[in-house]
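The annotation domain 'P-type ATPase N-terminal' is assigned in TrEMBL to 52-117. The transmembrane segment annotation in TrEMBL covers 95-112, 448-470, 495-516, 1056-1072, 1084-1105, 1135-1155, 1175-1193, 1200-1220, 1240-1260. Per TrEMBL, compositional bias 'Basic and acidic residues' is recorded for 199-211. Look at TrEMBL and you will find ASP562, THR564, ASP995, ASP999 tagged as Mg(2+) binding site. Residues or ranges marked as domain 'P-type ATPase C-terminal' in TrEMBL: 1021-1269.
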Amino acid sequence: MPSNISQKPWTEWTLEETLIFIFGRFRLSKRRKGSAEDEPAQTERKIYFNINPPDESKDQNGVPKMSYPSNKIRTAKYTALTFIPEDLYLQFHNIANMYFLFVVILNFFAIFGANNPALNAVPLIVILVVTAFKDGLEDWRRTVLDNELNNSLVHRLVDWENVNASMDHVSTWRRIKKACTHGILSFYHSIRSFRKGPSKSDPRDEPDRRPSVVSQRSSYSHHERSVGESPIELTSVNSRAANTPFHDQNSTSQMDSSLATEHYEPKFDPSGSMLNPDKGSSGRARFKNDFWKNIKVGDFVRIYNGDQTPADIVVLSSSEPDGAYYVETKNLDGETNLKARQALKCGHGIRHAQDCEKACFVIESEPPNQTLFTYSGAIRWGQQNGASGEHVEAISINNLLLRGTTLRNTRWILGVVTFTGQETKIMLNSGITPSKRPNLARNLNRNALYNFVILIIMCIIAGFINGFAWNVKHGSLVWFDYGSYAGSASLEGFVAFWVAIILFQNLIPIALYISLDIMRTFQALFIHYDEYMYYEPLDMACVPKRYNVSDDIGQIEYIFSDKTGTLTQNIMEFRKCTVNGVAYGDSNEQDDSEDTDQSVGIASEKARAQTLQILRDAYDNPYLKSDNFTFVSPDFAGDLGGASGSTQQHAVENFLMVLALCNTVLPESTPGDPPEIIYKAESPDDAALVAAARDYGTILSHRKGSDISLNIKGNQNDYTILNVLAFTSARKRMSIIVKMPDGTIRLLTKGADSVIYPRLSRDHEGQDDLKIVTSNHLEMFANEGLRTLCVAERVLDPEEYRVWHASYTLATQALADRDAKVEEVSSALEQQLSLIGGTAIEDRLQNGVPKTISLLADAGIKLWVLTGDRVETAINIGYSCNLLHEGLDLLVFSDPQTAAAKIKSGLDAFKLEGSEEELLAAQKDHRPPPPTHALVIDGESLAAILEDEELERKFLLLCKQCKAVLCCRVSPAQKAAVVLMVKSGLHVMALAIGDGANDVAMIQAADIGVGIAGEEGRQAVMSSDYAIGQFEYLQRLVLVHGRWAYRRIGEATANFFYKNLVWTFTLFWYSIYNNFDGSYLFDYTYIVLVNVAFTSLPVIFMGIFDQDVSDEVSLAVPQLFYRGIERKEWSETKFALYMSDGFYQSIICFFMPYMAWRSDFQHPNGRDIDDRPRLGILVGTAAVIASNSYVLLNSYRWDWLTILINAISSLLIFFWTGVYSQSEPGFLFYQSAVEVYSALAFWAALLVTVTIALLPRLVIKAIQKVIFPRDVDIIREQAIMGKFKNAGKSSKE
C-alpha cells in the first residue's frame, strides 16, 4: 500500500486511493498468512546501543529508516470493525454461497416472478449467520488469548533512549479500528463492573520492587509471586535517588545488602569491556513492569526464573557468574527437557540499569528467518580505558533466548531485544501447518458440478419451450395471459431461463455444506469423549485438533509410524554394556511377557538381589533404589570390586566415569531420608546412562557452569568442562573436553558405532581385537532390540589443546559458515580415539502395540516403520511387535551402490518390470500383499533411490508387494519424502504417527497426522490432526471412529443429493403443463423450508448417529474396514444410483397425485380442491415423507431417537401447512389445510404414492441382503445371534 495514503486525512482520499486502501487490507492480511516467499527480501540489521546510528541509516528528518514490527501479536483474523465484511468475503469463496447469492439477487427483480424475495434469502442468511457465529466465537477466543499474551508483564528498561525505535505512526484506519474495539471493550467492562464491582487497576502501576533475598538455584513459579515483586538486583545504586513511587529507601537498602551477599566477581577482561566509564549516567533509568506489546527492538529486558520470554533476545548476562542459564522450550517445540544456554562473554559485567546506560555496542544480526536451531550474528564494541581498536564476539543460537521459551533454574537473565512480533522465530514458524481438506469434500465439488450441468440443461429446456410457447399465435397464452413481459418470444425464453434458475435452485444442495460441518463436529466430539482412548498417566483424552477430517480416517490404506516413543515407550532403561571386550547384563531381565518361564523369572530376581547385595557390601550408596534399578549384572558389580583383576576394574571404573561426565545433565538433589537426586536431561538416553552410573557408585552430584562434581564411592572429585561438542543428528556423536582432577585433559566421546569406529586409533595395542569383540557385542545387543552407543576417549596434550582451542574459538566467532567451520574443527580433534566399550539401552514396547498392528493388518492396512535407529534394532522391534514373522523373506538394502540391482532382482521375483502401466494397475489394486516378503532399507540407499525417478517408481512397486517395510537411519525430510512417494505414487490415503519433533515433517505430509504425547516433547502433537496418549488407541481411532465417520458421511451425502433431486424434479414435471412459465406448484414457503426444516434433520442425524455395527464388533472383525480402503461408501457409481432413485421417485411423487387429482377431487361440502396450491400440498407432502422414509430405509440404526427425528421432520410439513394456511398472507393458500386434510382422497393418494415410490428401493434392498449380502450384513446377523457377545470385553481390555 502506498505510504502517502495512510499519511493523508481520509477526507482527502480519491476514489482510487480509497479502493486501494480497502482492498489492500485484505491483501496484506492474506500476505501475513502466506509463505515466506511472499515477503520482501530482507538484509541483515544493525542495532545500536548508546551509540548514535550513522547518518545513512536515517531519513532527512533524522528518523531511522529501518522500521521494526510491533511486539503486539494478532492471531485473530478479525476486529470489531472488519469482522462482518471480511467474514462475508471469506464465506463467499464457497461457490455454493456465490450461486445462492446470485439466485437471491435474481429474486428481487419482479420480471423473474419471485413471490417473496426476502423469504427466499432466509436459507442463505441462516447459513451465513451460523457460520459467522462459529467463526466469530473461534476468533473471539483467539482475541482473548492475544490480549492476555500482549498484556503480559516483563521488566523493561525505561527512562532511557532507545535510538533504534521511533514513534509509531497510527494511521486513520488504525485509529478507527482501535476506537471501535475500545468502545466495545469499554461497554463490556462497564457491564461487568456494574455487576461485579470496579475493575482492577493497571498492573503496571503496582510497585515493581521484588524483595531482595538471596536464594539458591531452584525453580520459581511465575504465578506464585505478585506482579510487582522483584527479587535481588534490578537497578543501579543511582536509582534510589529517583523520586518515584516504585523505589523507596527500604527496598533499595535491601537490594544493596543482597548484592553484597552475592560476592559477585565479574569474569571479563576490563580491556574488552563494553562499559564506557566516561559516559555519564542520568540516574533515572530503571527496570519497570511493562506490557509485552510495548517491547521494541533495542530494548533492555530482564527475565526472571519461571518467566516466559516476550521476544527474541540476545542474552548479555545471567545471575550465574559464568553466564550459564537454562531454558525450557515446551512452547516452542513441545520439549520439556531443560536446555543449557550461555550468555555472551562480553556482557558479563552488565547487571544493572546503570550498566545498561554505560554499555556502548552494536549488534549485527542476520535477517528474520524460520530456522529454530541456528542463528548467526555478532556484537561489536570499541575498546574502552583509553585502548584503541574494536572487539567482536560471535552470537549463536546458544546466546539467543527465543520468544515463548521459559527461564528455568536461573534466577534472572538480562538481554537486548533483536526481533519482535511477527519477526520472532516462533511467529515465523506459526501457521506453517498445511491446510487439509477431506477427500470426500474434494470430490463433492465434482458431484455438485454434475448437478449444475443438469440444472443448466433443465433451464435451457425451460427457456426454449417457454419461448416457443409465446411464439405460437393461437396458443392458450393468447387467451389467458395479459401479454408478454419481455416483448418478444426470444426474450421471454431468456427470462424463462433465469426464472428456472430460481425455480430449480434446490438442485444445488446449499444446506449440504453446513450439514457436513455439523456432522463432522459431532464426530470429533465422539472421538474426544471416547473413554477407551483416555490415557490416565497424562490425564489426556484423544484431542481432535482438526475437526473436519474424521471421514478421511476411514479411508486410510497406509500407516507410517516412527519407532522410538511411538511403538516404544521412550522411557530408557540401561540394560547391557560391553567394557574392555567383556559383555555385561542379565538377558532375562527385559523379558516380561506372560509366557516367560517361571524358573527364568526366579533366576532374574536372584540376579537382581545378588547384584544389589554386592553393591551395598562394597559401598553404602544412599541413592541406590531397588525399585528403579535396571542394570542387573552380578559380574559387572563384581568386576567393579576387582573380582577379575585390577585391569578390568580400572576399565569398568573409567567406563562409569565417562558415562557420568559426557553429558549435559543437570542434577537436582532432594534432601530426605534417604535423599534423592533427579537428573534433568535433554535426552532420555543421557538420563539413563547417568542413572546407571549413579546406581553403581559414580554419582553426578553437582553441576554449576563448567564445574562438575562426581561422588565416586563417597569420594568427591571435581572436574572442569573446557568444551562441549554437542550432539546433532548430522554428527551422531557428543564429545566433551574435561580437565581431570590430576590436571590431565581428556576428550570423552559417545555416539553411533558407525561414526566412532572410523575415528579409532590404529596404533593402540589390542585395539583391533577390541573393536571386533565390541562390534559383535553391539550387534548382539541390537538384535535384542536395544539402542546401542559406543564410548571412547583420548588424552590430549596441553599444547595440542591450546592450539585447537584457538582454532575452535575463531570458528565459533566466524560470521559466515560458522556451523560448518565449527564442525570441521571439532571433527579434527575427534580422531585417534581409544575404545572403552559400548552401552545398550532398552526402549520397551508400549502396551498393546503387537495387538494393534495385528488388527490393522487384518483390516488391510499396510504399516511402514520409519526410524532413525540401526537396521538390526528396527528388525528386532519388527519381530517383537508382530510386524515381521519368521516366514518372511527379508530384502535388505544397505548399500547405495547395489540398490538398483536389488530392486531389479526383487521385481523379477514377483514377475514385474517396474513399468508405468504396472504402476497404474497397482493404483487400482488395494489388496494387501501376500505375507511372503518384507523390505528393510537404510537412509543412504533410500536417498540414492529417491534421486532417480525411474528407480523410485520401481522401488515403490517392489514395496507394494511386501508385507512390511522398514526404513532405518532416515532423516525427518526422508520420512516426509517416503510418505509423499506413496501418497502420490499409489493415490492412497496415508496416516503418519509419531511423537517427536523429527516426525513433524511426515505428520504434515500425510493425509492424517497423529501425534503421541510422549517423552520427546509435544511438537508432534502440536502439528498433528489428532493427539493420542498411546499407539494402541490407533485401533479405535481408525477401525471404529474412522470407519463410522466415513460410512456416515458417505451415506448422508448420497441421501442429501437424492432428496434435493426428488423435490426439484417434481417442479420440473409440473412445468411441462404450464409451458415452463416459472409458476410454483407449491406454496413458496415450501421451497424455502424444504432443506431448512422438512428434510435436513433425518439426514444430519444419519450422519451423526447411524451405526451398522458396534465398536466391539468393529474391533472383533477389522476386515469390515476394507470397504473404506476401496472407497465404496462414496463413489461416482453410488452417486449415480441415488440420483437415479431420486429421478424415479420424483416421477411417482408428481404424476401419481396429478393423475389422481384430475378425477375432480372435492371437499365433502362440494367445493373443488383440485387447484394448484392444494395439489402442491399433496405432491410436496408425498415428496417429503418419501424422502424421509427413504433415509430411514438406508439407516442401519433404528432406535427411538432416529424414529422420533424422522417422524417430527415429516410432521413439520403438516404443522406448517396448518399454521400458515390460517393466515391471510397465505392468499390462495388460505384455509387449504382444512380443506385438503379433511378429504379422504388426500390420505389415500398420499399412502399409495409413498408406497409406490419406496417399493423398488425396499425390494432391491431385501434381495441384496438375502441373496447378495455384504460382509457387514452377515456380521450384523451374527451379532444379533450373539456370536460377538464376548467381543466387548476382549476389545476393551
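Don't overthink the numbers, they just go from 1 along the chain as shown.
Even glycines carry a Cβ here, placed using N, Cα and C.
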Checklist outcome for this item: Ranked by Cβ pairs within a distance under 8 Å of the transmembrane segment (1056-1072), the first of 95-112, 448-470, 1084-1105, 1135-1155 is 1135-1155
Item to check | Composition by DSSP (helix, strand, coil) of residues within the domain 'P-type ATPase N-terminal' (52-117) | outcome: 29 helix, 2 strand, 35 coil
Checklist entry - Can you say which of 95-112, 495-516, 1084-1105 has the most Cβ pairs under 8 Å with the transmembrane segment (1200-1220)? => result 1084-1105
Checklist entry - Looking only at residues six or more beyond either end of the transmembrane segment (1084-1105), which have a C-beta under 8 A from one in the stretch? => result 114-116, 119-120, 122-123, 126, 505-506, 509-511, 515-516, 518-519, 522-523, 1048-1049, 1051-1052, 1055-1056, 1059-1060, 1063, 1176, 1180, 1184, 1187-1188, 1191-1192, 1194-1195, 1197, 1201-1202, 1205-1206, 1208-1210, 1212-1213, 1216, 1220
Next on the checklist: Just to confirm my parser: what is the rounded mean pLDDT across the domain 'P-type ATPase N-terminal' (52-117)?
Outcome noted: 79
Checklist entry - Near the transmembrane segment (495-516), which same-chain residues lie under 8 Å Cβ to Cβ, leaving out any that are not at least 6 residues past its ends? => result 94, 96-97, 99-100, 103, 106-107, 111-114, 120, 123-124, 127, 130-131, 441, 444, 448, 451-452, 454-455, 458-460, 462-463, 465-467, 485-486, 1049, 1052-1053, 1056-1057, 1060-1061, 1063-1064, 1067-1068, 1071, 1076-1078, 1080, 1087, 1090-1092, 1096, 1099-1100, 1103
Checklist entry - Apart from its near flanks, which chain residues at least 6 from the ends of the transmembrane segment (448-470) lie with a Cβ under 8 angstroms of it? => result 95-96, 99, 477, 484, 488-490, 492-494, 496-501, 503-504, 507-509, 1057, 1060-1061, 1068, 1071, 1075-1078, 1135
Item to check | Other C-beta atoms that fall within 10 angstroms of the C-beta of THR564 (Mg(2+) binding site) | outcome: 26
Checklist outcome for this item: Taking all protein chains shown into account, the Cβ-based neighbour count within 10 Å for ASP995 (Mg(2+) binding site) is 30
